[in-house]
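**Student:** Let me begin by handing over the structure; questions about it come next.
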Amino acid sequence: MTDRNELRVAIAGLGSIGTKIATALDQGIEGLSLSAVAVRDPAKHQAFIGGLRRPPQILPLDQIGEAADIVVECAPSSQLRAIVEPAVKRGRAAVVVSVGGLLDNFDLVDLARANGGRILVPTGALIGLDAVNAAAVGTIHSVKMVTRKPIDGLKGAPFIIQNNIDIDNLREPLKLFEGSAREAAKGFPANVNVAVALSLAGIGPDRTQMQVWADPTVARNVHRIEVEADSARFSMGIENVPSENPKTGMITALSVIALLRKQRATLCVGT
Ligand SMILES: NC(=O)C1=CN([C@@H]2O[C@H](COP(=O)(O)OP(=O)(O)OC[C@H]3O[C@@H](n4cnc5c(N)ncnc54)[C@H](O)[C@@H]3O)[C@@H](O)[C@H]2O)C=CC1
Ligand SMILES: O=C([O-])CC(=O)C(=O)O
């Protein structure tokens, strides 16, 4: 039975990130319950869903907002609009992990505002968005980010295909891209969600500068960030262990779980 005071959470997409969030909710997060999931192929997920202590309903993407107070988007960015639009139209909160996809769908923020909905972007595979948020209350002069990924974490990126770049036989690091976070998100939609989250926390996708490197010498997704602001200068770095999806760091699902825990926690630490 669902406690009437519990916030109902629905998850769209049960891949690397979504299954971990579903498991955490099923095991118990204070004040929250898993009410529904949307999947592309229900048969594929039957065993996982059936194995949960309180199996959620399986609903079509556009209906999960009906069954939830918070919808967590964990699908490819091509599905972002189909998941977030119906949820925020109903005044629900949408947690967005495919944050790169938000840039081409930014009207969803206005839609959420008009209907009492919210869009929550977790720190995800990154670090330090609390400090960037705080610095942005003052004046940030520049934000620079350098991302290095193993070859497997970059395969199939549109920028690499369109420019016919052979990364399979690299022996040393190769700088693939230098430009704004907005352009990086177009070229590497499954690789630089982190840069878009950073840009939205700080000075926006056009002023946030980014480099992407294919690096056969690293086994982790490595991000280094330099921020220059009137209140502080700071450097941050994170080396993410890839999950079963080599493009996605393991910490991403944990970041969403941490965000969900804060929704009803009595003690909240960090902004
Ligand atoms: N914000 C961040 O820091 C990060 C964001 N990401 C992004 O998070 C998203 C999810 O990543 P992963 O879980 O690793 O991907 P994944 O590929 O492991 O899982 C995606 C799931 O969505 C499902 N799916 C596809 N179309 C669907 C549809 N129409 N309806 C329902 N489900 C559908 C797929 O079947 C798959 O199970 C990706 O867009 C990825 O780029 C990944 C890492 C970090
Ligand atoms: O931001 C992304 O798309 C994924 C990423 O870089 C990571 O997992 O380190």
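Using the three backbone atoms N, Cα and C, a Cβ is placed for every residue, glycine included.
What TrEMBL shows for this protein is this:
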type     : residues       : note
DOMAIN   : 13-122         : domain 'Aspartate/homoserine dehydrogenase NAD-binding'
BINDING  : ALA125, ASN193 : NAD(+) binding site
DOMAIN   : 171-257        : domain 'Aspartate dehydrogenase'
ACT_SITE : HIS223         : active site
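Burial and contacts for the listed features, if you can.
**Tutor:** Along the domain 'Aspartate/homoserine dehydrogenase NAD-binding' (13-122), the predicted structure has mean pLDDT 97.
According to DSSP, ALA125 (NAD(+) binding site) is assigned to coil rather than to any helix or strand.
When secondary structure is read from DSSP and collapsed to three states, HIS223 (active site) falls in the strand class.
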**Student:** Determine, to the nearest whole angstrom, how far the Cα atom of HIS223 (active site) is from the Cα atom of ASN193 (NAD(+) binding site).
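**Tutor:** Rounded to the nearest whole number, the Cα-Cα distance is 12 Å.
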**Student:** Might you list, by sequence position, any residue in that chain lying six or more from ALA125 (NAD(+) binding site) with a Cβ less than 8 Å away from its Cβ?
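**Tutor:** Once residues fewer than 6 apart are set aside, ALA125 (NAD(+) binding site) is near ASN193, VAL194, ASN221, HIS223, ILE238, ASN240, THR248, GLY249, ILE251, THR252, SER255.
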**Student:** Taking helix as H, G and I and strand as E and B in DSSP, count the residues of the domain 'Aspartate dehydrogenase' (171-257) in helix, strand and coil.
**Tutor:** 23 helix, 32 strand, 32 coil
